[in-house]
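As written in TrEMBL, here are the features:
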type	residues	note
REPEAT	9-41	repeat 'WD'
REPEAT	132-173	repeat 'WD'
REPEAT	236-267	repeat 'WD'
COMPBIAS	899-910	compositional bias 'Polar residues'
COMPBIAS	917-953	compositional bias 'Polar residues'
DOMAIN	1007-1075	domain 'HMG box'
DNA_BIND	1007-1075	DNA-binding region
COMPBIAS	1077-1098	compositional bias 'Basic and acidic residues'
Amino acid sequence: MPSTQKPMRYGHTEGHTDVCFDDIGSCIVTCGSDGDVRIWENLDDDDPKSINVGEKAYSFALKNGRLVTAVSNNTVQIHTFPEGAPDGILTRFTTNANHVVFNRDGTKIAAGSSDFMVKVVEVTDSSQQKTFRGHDAPVLSLSFDPQDVFLTSASCDGSVRVWKISDQTCVTSWPLLQKCNDVINAKSICRLAWQPKSGKLLAVPVEKVVKLYRRETWDNQFDLSDNFITQTLSIVIWSPCGQYVAAGSVNGCIAVWNVDTQECMERMKHEKSYTICGLAWHPKGGQIAYTDTEGNLGLLENVCNKDGKKSSGKVSSAVAKDYNDLFDEDDDFLNMDLIEPRSSPKVISNEEEDDDDLMLASSYPRHRGAIIEDDENSLDTALMKVNSNLEKDDDNDQDGSIPILPVSTTQRPFYDGPVPTPQQKPFQSGSTPSHLTHRFMVWNSIGIIRCYNDEQDNAIDVEFHDTSIHHATHLPNSLNHTMADLSSEAILLACESTEELASKLHCIHFSSWDSNKEWTVDMPKDEDIEAVCLGQGWAACATSAMLTRVFTIGGVQKEIFSFPGPVVSMAGHGEQLLVIYHRGTGFDGDQCLGVQLIELGKKKRQVLHGDPLPLTRKSYLMWVGFSAEGTPCYVDSKGIVKMLNRGLGNTWIPVCDTREYCKGKSDHYWVIGIHENPQQLRCIPCKGARFPPTLPRPAVAILSFKLPYCQITTEKGQMEEQFWRSVLFHNHLDYLSKNGYEYDENAKNEAAKEQQELLMKLFALSCKLEREFRCVELADFMTQNAVNLAIKYASRSRKLILAQRLSEMAVEKATEMAAPEEDDDEEEEEDFRNHLNAGYSSSTTEWSQPRVRNLHEQDMEDSKEADAVEEVEEMPEMQKFRQNPFCKTVGLPEMSTPKSAVITSSSQGRVNPFKVSANQKDPTTHSANILDNMSKFSKNTPTPNSRAVNKQKSPVIKPLIPKPKSKQALAATFFQPRPPHAGDKTEEKEEKAETILPEIQAAATENKRPKTGFQMWLEENRESILADNPGLEEADIIKEGMSRFRVLSSDERMVWTEKAKGGASSNSAEAKKRKRPADAKNEGKEKREEKSKEDSSLPKKRKPLDPSINVRLSAFAFKQS
């Protein structure tokens, strides 16, 4: 199995970087030009222990708990390991030492300096020193003979020398290297090495080969080379078994040879071709750590593993991306304390460090050692331990357990399937690991809570971004709180239980108007708080008993509910509570998480019912919360930000990949907040870590969102991504409006405008590419107004077939929008009750009010008034179209298709727009151009004309007379609900089309609704409503009128109803007298005169013009649309 290369990570600042493992391979140790020695528990350790040894560290060696470093003050120092306490100076040089090494038993160190000298010093007694002189240039590297007889050195003078330690004499010398005057100019640092244990061979990197010299005879036995090596090798190391040699080159190539066969076993290329300056083989084999001259640290796994087994050791990946080391002793060292076996397996280890025995959570003894892979480098001992433990645990075996089979060292394990993933530990979003002495307990959009737990102080600092909410606060932390959340109302803290004290939830309600602003609740015995969150007027905590406990912000206990697995994290916003928990066991590195979204308002309901949380492969949860607008979001360890798409059945969609913004593979972004308007991802860049330090104060960066659509580099792909991103990030406006929250109407209008502009651009692009079918697909997303423009564009582009198709689509769209809203309401309510809705909750007032369709059942006398109220309620924001009053079968269950005037090319013929179809379900007009009067709905710039249209009580079709010999023209069809007191639609129809059929006219007259009591009351009280609420728009005036009308007593409403009935009877009597179009015309004139007296603000109606004038006006209206 070939070796696997882990992504490199930032280790030190730019410059020479050295690396080694500790004696047992439990950690990686590095030193760099920043003067720090860092101890990494694994490659993904984001919080390595750091020991500062000087301004600059050139080299270091580690053995038997002693750390020796060559630093910039020309000394060789010694520190204790891993504590890092200084333990004196071993020796000094006149210039800096370039390399230090231990002998095999750790009793001596050798150091080579730029002053041409080499010294060997006793570690326990530094006065015992030996100096080796003979080099004529700075010393590059040193290596002890495993038998402590010889010492080899390489120098910038081009020579490699072998010294006899006892008498400090030079045994032999080879002129192998290129000469130079200083280490910085050396083409190779020539890190040479003796074969372990026996010391039979000495490996020296020379140019592109590794030369091996035999001990005593000093003959060049053979060279190791490969075509993969294209530049000079600078460093060579032996495997602990002495069978393999690894070498690194100045252009980032690493090769591994089998010394016996001289065959190249592994080849690896540095991802950025930096010079390899440090190599270290794991003491148990299987892994090679390497560093480059830019300060980066990398790891190779499965090096020369014939059986393809994963190597063990704490140095395996922190998140354990492959998780094949699940049952090793390394589970305590998974990344950031975020991953742990939730089933809490107990480690039953012997005194030896490499013991891998482990009891599984199911209480079965681990006799599966013959089946589940263990440390391949200690296979014999591991299997012996397994078998010995099997004998001990044999009495405890349950029936049906796997029989014990004798396993030879060469037998391949039986089980090769998926490996369970250690479950992620609970965490607070916006917090850094709890083991840090200085850490963030939470960083969110309200403020920052820091915790300081050192020798001097154990306290909590609270800082608010907006000091008008509250001033900064300093709190003692005597209870050792480890969890916190912050809102604009309160600070919520929680601590784990101890032997004496129970787990406590502590709330500081700083927005309280009384003097008692704090309360504390003790959890029951053996129940620990694992996550906390705050919402609007409530607080919640999740405990180890898999319970969520909800409290009011003042401390009253409210609901308690269980969740199906151990909690991972939770978040709150407004009335929404989001809980993430383990819904099962993941495999092969994947977490198996579930999510519950609950609304805790007056109308409590569950939106997400334990649905699986879709994480990126082999990742875990890093942050979960809500956007500032209240949309649930989360971030995983691969840097993928996902958001709940309420518009698509509460699915999750990735909206950003923070890794695209990272410069290095070890860099990350720590998310602290998400905003949908403006579209901003607020986070903190972390170089070489997953989280920031508390000091210095981190700087916040703002990243932009990008949906992962295909071909994003093309113009089409960019516009598609922008369109759907605009749709997604404005879904919250619909949610807010449904739940009775305030929202910015201008933002909604701007979003709709932006979306329609993008669709028109895509439409134009598709037209240019002759993609007419695609044009029709795009038009399906458009509003009526945009479809109108699309028809015009298609006509001018001479795409008449496309224009015809779009006209048909416009008719179908109008038909669909004219369907009764009652059916939609019933479906929505049914979906709500069956938990199949798209996540939109209705406000309390909306559900508490009786349905409009039930008013007729409750009060027969107010049926007409109820119809008017229903009509007005449906009109304002929804912009849905009502029935066509020109259809005779208005009362039939099937909705008749609205008829529309059609103006087509002269080559396509004319169609009578007012012909009544025998089949009411299918339009006779197969092509019609619908002009949406969407601009008439603009509440920002009302005009007299738009107001007149908005006042119409029922839809009105305004046909335009065709213009002769036009290439392609449009007809405007207005489907628009109107407020009560509007002009008579019959007269309007007569003015626009004098040739209308008598039966159509009669149908329109019969379908005309009389004024209701509410409409007459609103006419009388409009001025008072405007006086109390100046600047109200038309829809808001109607809403305010409805609320005031409902407040009236039943007697008062009855009076207005009777008035309306009286006016209606007289109107109907007059309508029956209309036998001829001429009579209707005269009646229309009388109505016009009356209407002009009642409402002087409406534009005056003109007399019907002759057909030629109408033709010119229709062309003008087409251009203006």
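Yeah, the Cβs are placed from backbone N, Cα and C, and that goes for glycine too.
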Surrounding residues of the repeat 'WD' (236-267) on its own chain - C-beta under 8 Å, 6+ positions past either end: 2-3, 187-188, 191-198, 201, 203-205, 208, 210, 212, 222, 224, 226, 228-230, 273-277, 279-285, 288, 290, 292, 300, 303-304
Overall pLDDT of the repeat 'WD' (132-173), taken as the mean: 93
Beyond the flanks of the repeat 'WD' (132-173) by 6 or more, those residues with Cβ under 8 Å of it: 95, 98-105, 108, 110-120, 179-183, 185-186, 188-199, 202, 204, 215, 218
Composition by DSSP (helix, strand, coil) of residues within the repeat 'WD' (9-41): 0 helix, 15 strand, 18 coil
The repeat 'WD' (236-267): DSSP-derived helix, strand, coil residue counts: 0 helix, 20 strand, 12 coil
The repeat 'WD' (132-173) - residue tally per DSSP class, helix then strand then coil: 0 helix, 24 strand, 18 coil
